[in-house]
Structures are given as structure tokens and as C-alpha cells.
Amino acid sequence: MSDDFTAHLKNTLEEIEEAGLYKRERLIAGPQGGRIDIASDGGKREVINLCANNYLGLANHPEIVAAAKQALDEFGFGMASVRFICGTQTLHRQLEERIARYLGKEDAILFAACFDANGGVFEPLLTDADAIVSDSLNHASIIDGVRLSKAKRYRFANGDMDALEDQLKAADADGARFKLIATDGVFSMDGAVANLPAICDLAERYGALVLVDDCHATGHLGEKGRGTPALTGAGDKVDIVTGTFGKTLGGAMGGFVAASKPVIDLLRQRARPYLFSNSLAPAVTAGSLKAIDIAEAADDRRATLARHTKRFRAGLTEAGFDLLPGETPIIPVMLGDAALSQKMAAALDERGIYVTGFFYPVVPKGKARIRTQMSAALSDADIDTALEAFIAVGTDLGIL
Ligand SMILES: *Cc1c(COP(=O)(O)O)cnc(C)c1O
């Protein structure tokens, strides 16, 4: 590698460091859970975990682990093939049919991750004659997927239904053949739920399709965990749902698109991350299947999650923290300054509370925050301990 290039990389890394924006990964020395072991000085220490997407606490559920182990024995470790060559096992079709049935759609298609599902869903369905109208706070993978398609792009301010209508009109004025509105179901950094009834009404009026990325909802929000279409009453007015097995549904990995059969059939022919990437590992596929069964029946876990959400939000509000409003288990504590978010995360870590400070470019500049996430794997006592720590650290740092 040329010296110039190496020097350039080192410079960039130093700039990131100097801006206080360098991300360091902490090492976990065990499974994911409500309490986790952090590797520390050759040993480990236990912390309360407020930053996993493990909403129902299924990431290390014994029945899911057992299903994955059984699949290892019956179906082996890996597929060493893409789906259409020799990478489709009975398990893969079972998972596609199961997630489609769970979400009330005709069919579904698996991807290695939802990042790939979003990366691959737009390009085969829409051409340069068409329009994609996208919420400004959509996940990075939707932004990338939209970029990879040839459709004309229109963006509306987060959750602003007048702005959405303006963009639909603009797409019509530009002569769009088909229009597709793309939105996150839950905006992951804010915890807000998309206004799907209003979006679907506008879609109906302007003849647009609706795509919802429900990564932060599938499994824990709405009736039986069927996500934001169920939660908001928009139901089957949502045409296409993308989602992940890497969060509530076991938390391993894998993404999907669920929709009508022609949509899924065409994606199977044309979606590039599907055609040119390896098939999901059998253990992950079987574990995810079991996770859907457990999530669908887990009203008790959803109730625990809702109780923690209410208790933690109320405690932080009473203490005087600046929270974004909302009802999902994502509770962002707004701090503004990136360096302060890092300082606060470090101080909480010292008190045994595991959180992550988020700052630009993950969230807009000047809107740094600690994003906390509730989990059914936490106990009531964990929530109280976490609240005490937040109040102590908030006082120390002059936030309260
Ligand atoms: C997590 C997430 C993704 C990516 O999912 P993976 O399966 O981890 O790739 C996509 N969209 C949203 C909204 C997410 O929160």
C-alpha cells in the first residue's frame, strides 16, 4: 500500500478521534441477555444491558438454542451455495412460509440480513419510469437500496404528512408510472411509530404502494407481535414489509421481504443480494422458525416489555431528563453534544449500566443521545437500578 494512502487513512482516523467520535467496541464474554458479562482485565464483570434489540429476551432462549442445535445435527453447518444453485433446504421454505403467514402476506423471501433485503427490494420492482417517496429518517439500508434503484427519488421530512402529499404530487407532475412510499415502521433512533394509517390513506388517494421496514417492531409490537401494521390498524393496506430475524425474532441474523406472490416471485428472479449471496445457515433458519412460534404466543413477554417501558420512561421524565416522546421500548435520552453522550455512557458503564451514546452520522448533528432499549429479559429491580444510576450520573454531569 502506498505511504500516501496509509498516511491519509491515519489522518482520517485521527480526525475521528479528535472530534470525540471514535467508536470502540466493548467485548462481551457470554450470551446476549438482560444482564451480560463484559470482558474486563482478563476477567469479566456483569452489567445491566439497556442497548440490545433483544426486545422479548429471545436471543438466548433455551428452546431456540435447542432448535438450532437440532438443525446442526440434521441439516449440517453451512450451505456453501446461493439459494438457486443448491442452497435451498426445506427449512428455508418453511421459514419463508412461516414469516409470511405470521405477517398476513402471501409469501416471503429470505436475505442474509434486512440490510440486504432493503438493498435488494427496490431495484427489481421499479424502473426509471417510477418514483420512490422516502421518509427522511429512514434506515441507512433503505437509503442505499433506493440509491441502487433507477427510480426517481423524493424525500419528505420525517412523519410530515403534508410534505409526503407534496412529494406524491411532485412525482405525479413528473409523470411517474408507479409510486412507492417507503418508511420505517419504528424509527430506530427516535422510537417513534410511523403514521401508517395516514400514509396508507395518502397512498390510496394517489395510487401509491406502501413499503414498511418493520425491523424494530416485528415480534413485539401490535397484536401477537405482528408489527406496526397491526399496531396502527393499517393492516394489509401495507403492501410490502421488510424485516429482520436479527432483533426480536431470536436476534441471530437474516432478513426478509413479505408481500404478494408476484412481488416475491420477481425478487427471487432479480434481487441481487438474494441471487449473489450465500443461503442462511440451517441453525439460524431453524432457530428463527422457533423464535416466530415463541414470539407469536408471548403475550406475557410483551406485557413485561410494556411495563418496563412505562416504568423507565416515567422515572426518567420525573427526574428531569429530556426524552423524545413515544410508546415503543426505544427511549432516547437527548443530550445534544456528542462528547457528552460518550462521557455519560462511560459514567453509566462504571455504575454497571451498559448503554451506547449515539451521535452523528448515526443521528443528526447536535442531536446526540443515549438510546436506551427495554427488554423483557430485564427485571423490575434492573429497571430501578438503572434509573438510580441515570439520576446519579445526570446529577454528576450537570444534566439534571
Ligand atoms: C436493524 C435494522 C435494519 C438492518 O437489519 P439487519 O438484519 O441487522 O441487517 C434495517 N432496517 C432497520 C429499520 C433496522 O432497524
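Including glycine, each Cβ sits where the backbone N, Cα and C put it.
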Which of these, S40, S188, S341, does TrEMBL list as part of the pyridoxal 5'-phosphate site with C114, F115, T244, F245, G246, K247, S277, N278? S188
Looking at pyridoxal 5'-phosphate and its recorded binding residues C114, F115, S188, T244, F245, G246, K247, S277, N278, figure out the farthest C-alpha pair and report it in angstrom, whole number. 27
Taking only same-chain residues 6+ apart in sequence, whose CB is under 8 Å from that of N278 (pyridoxal 5'-phosphate binding site), what do you get? G78, M79, A80, S81, V82, G87, A112
Within the set C114, S188, F245, which binding-site residues show a CB-to-ligand 1 distance under 6 A? C114, S188
Looking only at the binding-site residues C114, S188, F245, K247, R371 (substrate binding site) has its closest CA neighbour at S188
Tell me the Cα distance separating H139 (substrate binding site) from S188 (pyridoxal 5'-phosphate binding site), rounded to the nearest angstrom. 8
When pLDDT is averaged across the domain 'Aminotransferase class I/classII large' (46-390), the result is 97
DSSP on H139 (substrate binding site), three-state: which is it? coil
